[in-house]
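This report concerns only the one structure given below.
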Amino acid sequence: MRGRQKIAIVGAGLGGAAAATLLQQAGFDVEVFEQAPAFTRLGAGIHIGPNVMKIFRRMGLEQKLELMGSHPDFWFSRDGNTGDYLSRIPLGEFARREYGAAYITIHRGDLHALQIEAIQPGTVHFGKRLEKIVDEGDQVRLDFADGTHTVADIVIGADGIHSKIREELLGAEAPIYSGWVAHRALIRGVNLAQHADVFEPCVKWWSEDRHMMVYYTTGKRDEYYFVTGVPHEAWDFQGAFVDSSQEEMRAAFEGYHPTVQKLIDATESITKWPLRNRNPLPLWSRGRLVLLGDACHPMKPHMAQGACMAIEDAAMLTRCLQETGLSDHRTAFALYEANRKERASQVQSVSNANTWLYSQEDPAWVYGYDLYGQQLESGEAA
């Protein structure tokens, strides 16, 4: 006789970790399987909009995040060459008042560590590289490279753009290289202090075919981060990223504003990452398998909403499973897709176009969204 119903989550990134906590808080039995042997504080920043701070409020993490993160009063867009302001998008107290929560920027590793700590001890299993998925009718078996296996009633694929769960649903297909790369660097505050320039808390420098997004990643503002988007004809390197250099950055941003040049001068280590993508998927679930985040709608990071969409997915999937119960997972999955696909696809499209907040516009459709205030639209079971 089978025991209690169980949910397996493949991938313990920001979306998978959010799903684990939200599902556990809703009373579900959850296990998480992550292929990485452990997590490290990778050198990347992240924005958390009010739309997702409201989800962290439900998780009991909002106040901790507010203390950890930087709180920009504006998102500034500036001409990369002249420095002229293209837009001034109010955040800070305006965001709290108009959108219902704070807008913060934070180190991705600090956010991730907080999320992992919020999951019940013993839930997350590291070093679990998924090799095979077996549909056994009334359950799914997951076989891992270390020779172990597990069974679950449903499996959530939160395993990123190279998702094995997506591959099981739709077949093997490499993601599309976008033709752009992202340079990333964390800059110590002491390095910035050597320059008299004003380094704004959240600013995107633009020119015709490239940009640089810059912001603080801590409440103490002792760490400044930039991420770029630069055309790059081919990605023929091995691995997820390669080292870059000040020389490469100076060449890429030749003619840019002196403040940008000072940023490049202040860097100690720069990496370069390919920006990959997928076309919208024809389905998000089948049988006992369901996708969330980059596994089903990866996007270029130009709206600072990719991880936010994964966390929204996790919250909506939890809502739908609460609505139907795990025994009626097909209805839950149909509800989930019906209530997420349009929004996630719209964000994916705008993000890939790299037009977000270039000029003065109202971002309320993104930041003012309250997932828990949305009435569930009906979906037809797959």
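Any Cβ shown, glycine's included, is placed from N, Cα and C.
Counting residues 6+ beyond its ends, the signal peptide (1-25) has Cβ neighbours under 8 Å at 31-36, 39, 46, 55, 58-59, 108, 111-112, 115-116, 118-120, 123-124, 126, 130, 138-140, 142, 150-160, 163-165, 292-295, 307, 310-311, 313-315, 317-318, 321, 326-327 in the same chain. Among the features that Swiss-Prot reports, signal peptide is placed at 1-25.
DSSP assigns H47 (active site, proton acceptor) to a strand segment in the three-state reduction. The Cβ neighbour count for H47 (active site, proton acceptor), using a 10 Å radius over every protein chain in view, is 24. Annotation comment: Swiss-Prot describes G15, E34, Q35, H47, R108, L130, D294, A307, C308 as FAD binding site, evidence class experimental evidence.
What Swiss-Prot records for H47 (among others) is active site, proton acceptor, and it gives similarity to another entry as the kind of evidence.
Within its own chain, Y215 (active site, proton acceptor) has G45, H47, S70, P72, T105, P201, C202, V203, Y224, Y225 as residues 6 or more apart in sequence whose C-beta sits under 8 angstroms from its own. What Swiss-Prot records for Y215 (among others) is active site, proton acceptor.
Within the set G15, E34, Q35, H47, R108, L130, D294, A307, C308 that the record links to FAD, no two Cα atoms are more than 30 Å apart, and one pair reaches that distance.
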